[in-house]
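Quick one: the structure is below, questions incoming.
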Amino acid sequence: MTSRFRHVALIGKYQASGARAQADARDGVMEDIGAFLESQGCEVFVEKSAAEEADADASVGGRYQPLTVEEIGQRCDLGLVVGGDGTMLGIGRQLACYGIPLIGINRGRLGFITDIPLDNYQATLIPMLAGEYEEDHRSLMHAQVMRDGASVFDALAMNDVVVNRGATSGMVELRVSVGRHFVANQRADGLIIASPTGSTAYALSAGGPLLHPAVPGWVLVPIAPHTLSNRPVLLPDADEIVIELVAGRDASANFDMQSLASLAIGDRVVVRRSDFRVRFLHPRGWSYFDTLRKKLHWNEGGS
């Protein structure tokens, strides 16, 4: 069976470092997947950072042409991401503007968005490469940190934007506005603005609801609020959300927990819906509810 995707970028462990990343680069998985893709008629490239990690034994870095993220966006029609959800978050944000679909092979832990098991990837990928797949689009958030009327930090987020206190400081006080409307001043350890994708991450641990990916909304979740009546709020993603730091020391804004901006009193974190979306491809028959049931261990012990 010949692949409908002619130019495939192999992307792996995009932000990993240290002993685990070095072991991953040398265990032959990336090389095996690359050889499999070639057997399906694909021209294989490797993302530059993955190539540099693999250069220790030249298993991947020396066999396939390395490309920057920009070059992948311009030359490839599929990205195959090998890693965990963090790997997918990082590359998904960067490739969203190019509209390239992504397939995730899970070698992390939970794997909500890298959903193909490593031990069964060949049987799963063969029909997908031939065009038998489910397509799933995920929204992105565009966030800016505004200081004295100027943007001092700018980032995309697929999971969440989190404004929180410093590790050794007390609560922060945050002024929250949605659209043109003032919501409240909240005293808490922090506040999470989560997308549907991020509703299964930090927001879920903080007591937020699950939000189906097809819902055009965000969820606003307080972290350990001083007032117990402060509850998660579901919002339309067409509205701009503004979080202003009123009081607190060593506060910061985190974007997918992969980039961070320190905040000063009076700084405003402005979150809007991005114009870009991430395209995921899943095996035929994939269901969001199957993922929830498996990853959250629903029905365990039941009939």
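Backbone N, Cα and C atoms are what each Cβ position is placed from, and that goes for glycine too.
Residues or ranges marked as active site, proton acceptor by Swiss-Prot: Asp85. The NAD(+) binding site feature in Swiss-Prot is assigned to Asp85, Gly86, Asn159, Asp160, Arg187, Asp189, Thr200, Ala201, Tyr202, Ala203, Leu204, Ser205, Ala224, Gln258.
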Select the most exposed residue of Asn159, Thr200, where exposure means the fewest other Cβ atoms within 10 Å, treating these as the binding-site residues.
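Comparing Cβ neighbour counts within 10 Å for the binding-site residues Asn159, Thr200 gives Thr200.
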Including all protein chains displayed, how many Cβ atoms other than that of Tyr202 (NAD(+) binding site) lie within 10 Å of its Cβ?
21
Among Leu204, Ala224, the binding-site residues in question, whose Cβ has the most other Cβ atoms within 10 Å in this structure?
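The residue with the most neighbouring Cβ atoms within 10 Å is Leu204.
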Does anything in the same chain, at least 6 positions from Arg187 (NAD(+) binding site), have a Cβ under 8 Å from its Cβ, and if so what?
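Non-local contacts for Arg187 (NAD(+) binding site): Met171, Val172, Glu173, Leu174, Pro225, His226, Thr227.
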Same-chain residues six or more away whose CB lies under 8 A from the CB of Asp85 (active site, proton acceptor)?
Gly108, Leu110, Gly111, Phe112, Ile113, Thr114
Can you tell me the three-state DSSP label for Tyr202 (NAD(+) binding site)?
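In the DSSP reduction, Tyr202 (NAD(+) binding site) maps to helix.
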